[in-house]
Amino acid sequence: MSQIAVADLTEAQAAEELERLADDLAAHDLRYHQQDAPTISDAEYDALKRRNLDIEDRFPHLVRDNSPSMRVGAARAEQFSPVEHGVPMLSLDNAFSNDEATEFDARIRRFLRLTNEPVFYTAEPKIDGLSASLRYEKGVLVQGATRGDGRMGEDVTANLRTIADIPHRLRGGDPQGGGWPDVIEIRGEVYVELEAFAAFNAAALEAGQRTYANPRNFAAGSLRQIDPKISAQRPLRFFAYAWGLTSEGFAATQWEALGKLRDWGFVTTAPPAERVQDAQGLLDIYAKFEVERPKLAFDIDGVVYKVDDLEQQRRLGFVSRSPRWAIARKFPAQQARTILEAIDLQVGRTGAITPVARLKPVTVGGVSVTNATLHNADEIARKDVRIGDTVILQRAGDVIPQIVGPVLEERPAGAVPFEFPTHCPCHLETPLVRESTAAGAETVVRRCSGEFACPFQRIEHLRHFVSRRAFDIEGLGEKQLAAFFEEGWIKEPADIFKLARDEAKLAELRERDGYGETSVANLVKGIEARRTIGLDRVIYGLGMRDIGETTSTVLARNFASPKGKGGFEDLQAAAERAAGQLPGAVYLELAGAPGVGPKARDELVEAGKGGLKADPWPEADSLEVKIGHAVPKLSKPARVALAERYGDWDTFAQALAQAGQGAPGEDYLQLAAIDGIGPVAAQSIARFFAEAHNREKVANLIAELDIQPVAKPKTDTAVAGKTIVFTGALEKMTRDEAKAQAEGLGAKVASSVSKKTDLVVAGPGAGSKLKTATELGIQVMTEDEWLAMVGG
């Protein structure tokens, strides 16, 4: 789907995208760390995480408790016993350019207050494999684990023992003690060499068995076998590069520590790590490893820089989920050439049209690619890609790979520019519309105007309706939903609940392949379980534009009532009243001008209502000056923006008069004034309920439901009105449960500690947030103390 620049996101759009990114990245973490079957490349994953961080940086108050920026890896799989790491296995922040690598060196210097003194780093190739931790006691391997979520991993000791590179007993020490710490966790990477990977896949293909997409998947799948004998048959290797818990220090520098690891019997990275100095050294070693990369026997995806001095590492400490003293410099995304065979259009839930390139299959970075996003019509025109072109494909930046551009010298004769359709690809062929922003500029997105009449939008609405954060109906997956939609059994959300009581259809379903008594009974049970549901999930499930999960909760709490379907009827009535009082187009255009805030907007509207004479100040030199005479309190940036927008006095005066006539009514203003709603969400809600077909489908749905009101936050508790931060590991409740509990008690839950924070609840592993709270003199309590205070 097309992507709005972070700088252009509204708060509502940012909140909705952060919600989507949290879900998407959690799913990718699960596929990568547990299922060993990632569906996107590392470059794509890094791009998603970077966009998440960029949005959080711009909207820090929207940082979610389940933010990917707070998480490492994924929870352990249930088939393996849990292992708690003595020291968490953290991930590294990334750098993607020379400038970012240089800035890393500058940050280190600023923190350590160094000016001209040299800073030394170890630079190691970043192996693309599966992280593992090995615990040795008195030199003997006693336990091995995967990273898991960084805190809890999976016990794969027996499997790791089968890898020849892993010593069962450390070398070079006295068995009675000495030579190595009594207790130490060695960290490293399990990987497979490219030649061994290719040989395994070739043999598996010939035998009709499963093949793997890339060496990393193969290594992970081979290590995480229930039967260690299978792991023993796989060509697994291990590089050691770090350590976690240790009972005593054993080195003064990272460089010295790597030497000790080799002395104890481990293989460290090849090409070997190098010790470099200052920013230029970081850039030089990166260039060297990039040249050597194609010659290596295994995959590397970058270079890891670590401050060499361990005392400096200790002083630098950690930020969030990563060490301040290390960073991973990633190689650029890999590219390939292929043929653009066709351009298809996909229709989203809100009617947005996304062009998708259909490509001649090509392997990029070990993954076969057949599709790539083209974002929108403007992007196709800008890149001038045409059907039949040879194009350069890059796996980075989007969930589906992207086309960098065409190879013009290979363009076939007769290739013509792509003409973006004017009508939806559905059988109704409804016209596509291109909307305008509040400031009057056209958006890049084209939308199908058919709304619920469009079958593509209807199925996307249904998918959203049954999604995990909406109705989350167990037993009704996308495949079943699509089949029921095609047959006409489910055309709108209400049909789902009608199906559960349609004995004729259920009887027919029991006779079908893949169903039977048990699966149909489970489907009915899943549907019936959602007849009673909270108002917030109902609002979110409707799939209104600009109304994400957070906004749905705000609305549900504001309109909560024991009557009228949990408050839904009150919400609908308020939206319908507001629908007749929406601001006019010229009002929105005027209000969207740069420098025009709410006060300036109101002053302009009042001036327009009073009527402006035709150029009452002809002696003025410019329109900006005339506007200043007409509305004296306007700022200079606002005057300049309005003068550029309207050009002359008559056009400006006419716009002001129209804006005055199009000013919104009181009911709309009340809806928009709800804390957390605002004008964009208010307009979306009002426009949704203004449509007769929406009201009809909503009426059908709520007739099937018992909607429960969402409890309004209390105002008479010990924490009402206070800002609270939860940090560290919570042992008696999840972060979501803690947040819900605090908000229900009238508190505001924040993700970072500041002077405005009233209370920090700190669990095991609390780091920088606890330190900041202590420095600021903010009250800190344990999870048990919190529960005792709130009566949990």
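Cβ coordinates are placed from backbone N, Cα and C, and glycine is handled just like the others.
Feature annotation from Swiss-Prot assigns NAD(+) binding site to Asp42, Ala43, Glu44, Tyr45, Asp46, Ser91, Leu92, Glu124, Arg147, Glu189, Lys306, Lys330. A helical conformation is recorded for Asp46 (NAD(+) binding site) in the three-state DSSP classification. Counting every protein chain shown, the Cβ of Asp46 (NAD(+) binding site) has 20 other Cβ atoms within 10 Å.
Positions annotated as active site, N6-AMP-lysine intermediate by Swiss-Prot: Lys126. There are 24 other Cβ atoms within 10 Å of the Cβ belonging to Lys126 (active site, N6-AMP-lysine intermediate).
According to Swiss-Prot, the Zn(2+) binding site annotation covers Cys424, Cys426, Cys448, Cys454. Around the Cβ of Cys426 (Zn(2+) binding site), 17 further Cβ atoms fall within 10 Å across all displayed protein chains.
Residues or ranges marked as domain 'BRCT' by Swiss-Prot on the basis of sequence analysis: 714-792.
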Compare the Cα of Lys306 (NAD(+) binding site) against each of the recorded positions Lys126, Cys424, Cys448 and report the nearest.
Lys126
Cα-Cα, Cys424 (Zn(2+) binding site) versus Asp46 (NAD(+) binding site), nearest Å, comes out at 34
Note down the number of other Cβ atoms within 10 Å of the Cβ of Cys454 (Zn(2+) binding site), including every protein chain shown.
23
Reported as an integer number of Å, what is the Cα distance between Glu44 (NAD(+) binding site) and Cys448 (Zn(2+) binding site)?
29
Rounded mean pLDDT for the residues that make up the domain 'BRCT' (714-792)
84
Chain-mates of Cys424, Cys426, Cys448, Cys454 with C-beta within 8 Å of site centroid, Zn(2+)
Val347, Gly351, His423, Pro425, Leu428, Glu429, Thr430, Ser449, Gly450, Ala453, Pro455, Phe456, Gln457
If you count CB neighbours within 10 Å, which one among the binding-site residues Leu92, Cys424, Cys448 has the smallest count?
Leu92
Helix, strand, coil residue numbers for the domain 'BRCT' (714-792) per DSSP?
27 helix, 15 strand, 37 coil
Rounded to a whole angstrom, what is the C-alpha distance between Arg147 (NAD(+) binding site) and Lys126 (active site, N6-AMP-lysine intermediate)?
16
Helix, strand or coil by DSSP: which one applies to Lys306 (NAD(+) binding site)?
strand
